[in-house]
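See structure below.
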Ligand code: PAF
């Protein structure tokens, strides 16, 4: 496995792969890899001749008071893990390499970005789209792999791919969980032992909301039951807990086919997100 740090190096690799008609699978990450990322890499490995993983903590998707500086980083460990997952190349550019110019063109996410995480993280999804669009242009992947844990991110990226005609197929891989149900996340390491023991209540709340919605049909009672479970079992506070149509992220109505129940909860200093996607018949949907 090789590490590429410049766009020029990456372009050479992509040019050769295209010349040899090799399919390219892209696994975009911000590093500090966990099993969720490695599952994305395994899917990419099984479907593509060349697998490129980007490791780039993208500053444009962090707000001024967010954890860009302290976001966990461990490049030596990441390279070992990526290698063991069969990744062919890591692309790990510096911030200057990715963003050498100030004040240029940015991308603005649409309506799907105004709620859920977007409501408290203004500009976050614009930054995600900016870096993902750059990665798509640089790597020209046949397939790109994202985790369902970031369901809103996936929905917004799919909209960009549709609206801007990116010739890439988005593959979505189900949430990878700890044994007690907590969704794996690079940010889980911020949790103290006590906070970590409370965190599975988020998933329990979401499961309860799903059950209640399917049984009673009431969005309001599903939301309040889920919030109660989280309040009763954690010291955290719920940033949002919503039930929406997926992937358009609108209010649920008679026409809604797929549903997402999504939450963001602050436990201590750590903001955790999780979701379930299902149909009104109750089937879990891996989008
Ligand atoms: O999901 C992430 O880790 C990031 O948002 C992504 C897609 C790698 C863009 O920086």
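Just so it is clear, glycine is given a Cβ too, placed from its N, Cα and C backbone atoms.
Residues annotated as active site, proton donor in TrEMBL: 37. Residues annotated as ATP binding site in TrEMBL: 30-37, 147-150, 176, 184-187. Taken from TrEMBL, the feature (R)-pantoate binding site covers 61, 153. TrEMBL lists 61 with the feature beta-alanine binding site.
Recorded features from TrEMBL, shown on the structure.
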| residue | record | DSSP class |
| --- | --- | --- |
| 30 | ATP binding site | coil |
| 36 | ATP binding site | helix |
| 61 | (R)-pantoate binding site | helix |
| 148 | ATP binding site | helix |
| 153 | (R)-pantoate binding site | helix |
| 176 | ATP binding site | coil |
| 186 | ATP binding site | helix |
Less than 6 Å between Cβ and the nearest atom of ligand 1 is the rule; apply it to the recorded positions 30, 33, 36, 37, 148, 176. 30
Here the 10 Å Cβ neighbour count for residue 153 ((R)-pantoate binding site) comes out at 25
For the binding-site residues 30, 33, the largest set of other C-beta atoms within 10 Å encircles the C-beta of 33
Packing count at residue 61 ((R)-pantoate binding site) (other Cβ atoms within 10 Å of its Cβ): 21
Quick one: pull the CA-CA distance for residue 37 (active site, proton donor) versus residue 30 (ATP binding site), whole Å only. 10
When you measure from the Cβ of residue 186 (ATP binding site), how many other Cβ atoms are you left with inside 10 Å? 19
Tell me the Cα distance separating residue 61 ((R)-pantoate binding site) from residue 176 (ATP binding site), rounded to the nearest angstrom. 23
Compute the C-alpha separation of residue 30 (ATP binding site) from residue 153 ((R)-pantoate binding site), stating it in Å without decimals. 14
For each of the recorded positions (36, 37, 148, 176), count the other CB atoms lying within 10 A of its CB, then report the residue with the highest count. 37
